[in-house]
């Protein structure tokens, strides 16, 4: 028997190899000859798709595995294999063996299962069962849980990205771009002369334009021109970088002594605060999580933190506007209530303090904890408990690409004792961990599901809440897709309950990953298809849509530093009449801090050059026609959704496009 074998090498930089590659076919009736793959000329070049002939003394029967071996030739040279295809003599069909893995080292062996997705109950042969077991045992040695810090989700056991296996590392192009882009930002902005001015304040607000002339975006420019307006301030709670905090206010908190007379001038004349509360037109931003967080010390100068409450009113003509702000949780004589009728500079500074708290909450909680760290738990559990042939592994793998490396880099480069947060952010140092621990204690699985999140916050009827509308549309499309895939492989709830690998996976997620979170509410076993579909939908929604909503607008909303300051250098004002422009300038980030804020938000929020848009599966883990049909339907629905979003935005002065599927990455890569 002569089998035609096609081997595809990766397309990224350094994917090819000059080492020896051997291949053996393993079927139900035996193995082929161990064959060195060697054609005239160069084999296994970057992007190559090479054909070979592999001989066998007899018909191997249905093929189960392909065994690949790499041996050094002169120098060690890693190789990335995309897939292997095998054509059987006399048969029209061919077998596909997805790989998408690096072969690293000398005399390394990788065995690939045929591409049909199979649960453990679908494997009847001892070889199939033993392959699953061996693969998971090897992975569990490589991918281990680590408690990076107490009171937050567990993560991958790696001191830095250099400790990660090659299979979950950035491609070389991605690595070069990532490491060079921040330096590029500093150069592009011509900041080198400004960035060294530690502790020096800007002279006036217009001075911030000096770092705003090279890198810019339409929304960042709009922000620069409109940031002082109350309606724009309110709009950002709906569609800005942190759109998940606003809640309906049914009754005023006891620690927020706002009276109807105080805010009457902000309401329409024919109504009262009591009536508007009853109608559901009053909303609250409460940053109680910030109360008592220790502030950073930057270059021996203490920074400052507030824990504001902000009351907002959905005005029939002006939209969502702020009507009262208190900058601390405990009202007293040194914690005044700020109102729109106050001196303009006092009201402006109060709003800046709210936006400063928004920066901390969105970066560390909405963005880091609720997307990056949540998805890392799912990623580590998937690598530890699901073999590559499992349908749920195939479903999740594209949505976990690069997440482990970007999270490792975040821990070492952003959040570490000498990282960027410590250099320029008021919650840098001890504060960021305490903040994350507080949020983790109240984190719930329910809040990660958009339909419940909006319902529980009482914001289902808020006007112009595009983040809500687009999130719900995306959730429906994702859930339909996941349901389609799951239903191909699980015909009943009992099949879910009896899948020992899925039960080990959910146990790893709930018991190991989300350890010590009292209110999370995720069971450690899955009993129904619906429970499995919901959890998978949460994972994919969080790694795609939710991450895009909190990451992709960083530059737009934070580049104009006064709109969302990363730190404050003076404490919150206690006397409204004492607020001057000099005080505002001395409170806002200094020149150096402003430079870093602008550069880092561009670096993290920009579109990634190697981005894979949502639903575009470059690596084809599924090979069977039924699954590919479900994926095609998913892509079609995403395209229709994008058309709807673009149509909704037509004519809007400020467009909300972060949740266009073409602008959402398949996974958390930045």
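Glycine too: its Cβ is placed from the backbone N, Cα and C atoms.
Worth saying up front: this structure is predicted, and the values here are computed from it rather than measured.
TrEMBL annotations:
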DOMAIN    1-117  domain 'PLAT'
BINDING   16, 38, 77  Ca(2+) 1 binding site
BINDING   39  Ca(2+) 2 binding site
SITE      102  site 'Essential for stabilizing binding to COTL1'
DOMAIN    118-670  domain 'Lipoxygenase'
BINDING   367, 372, 547, 670  Fe cation binding site
**Prompt:** How many neighbouring Cβ atoms, not counting its own, are there within 10 Å of the Cβ of residue 102 (site 'Essential for stabilizing binding to COTL1')?
**Reply:** 20
**Asked** DSSP says what for the domain 'PLAT' (1-117): how many helix, strand, coil residues?
**Response** 0 helix, 63 strand, 54 coil
**Item:** Shortest C-alpha distance to residue 547 (Fe cation binding site) - which of the recorded positions 16, 38, 39, 77, 102
**Value:** 102
**Request:** Would you mind listing, in sequence order, the residues at least six apart from residue 77 (Ca(2+) 1 binding site) in the same chain with a Cβ closer than 8 Å to its Cβ?
**Result:** 17, 18, 19
**Fill in**
Here the Cα-Cα span from residue 16 (Ca(2+) 1 binding site) to residue 102 (site 'Essential for stabilizing binding to COTL1'), rounded to a whole number of angstrom, reaches 10
**Asked** Expressed to the nearest Å, what is the distance separating residue 39 (Ca(2+) 2 binding site) and residue 102 (site 'Essential for stabilizing binding to COTL1') at their Cα atoms?
**Response** 21
**Asked** Does anything in the same chain, at least 6 positions from residue 367 (Fe cation binding site), have a Cβ under 8 Å from its Cβ, and if so what?
**Response** 547, 550, 551
**Asked** Over all shown protein chains, what is the count of other CB atoms within 10 A of the CB belonging to residue 372 (Fe cation binding site)?
**Response** 23
**Item:** Rounded Cα separation (Å) that holds between residue 102 (site 'Essential for stabilizing binding to COTL1') and residue 670 (Fe cation binding site)
**Value:** 22
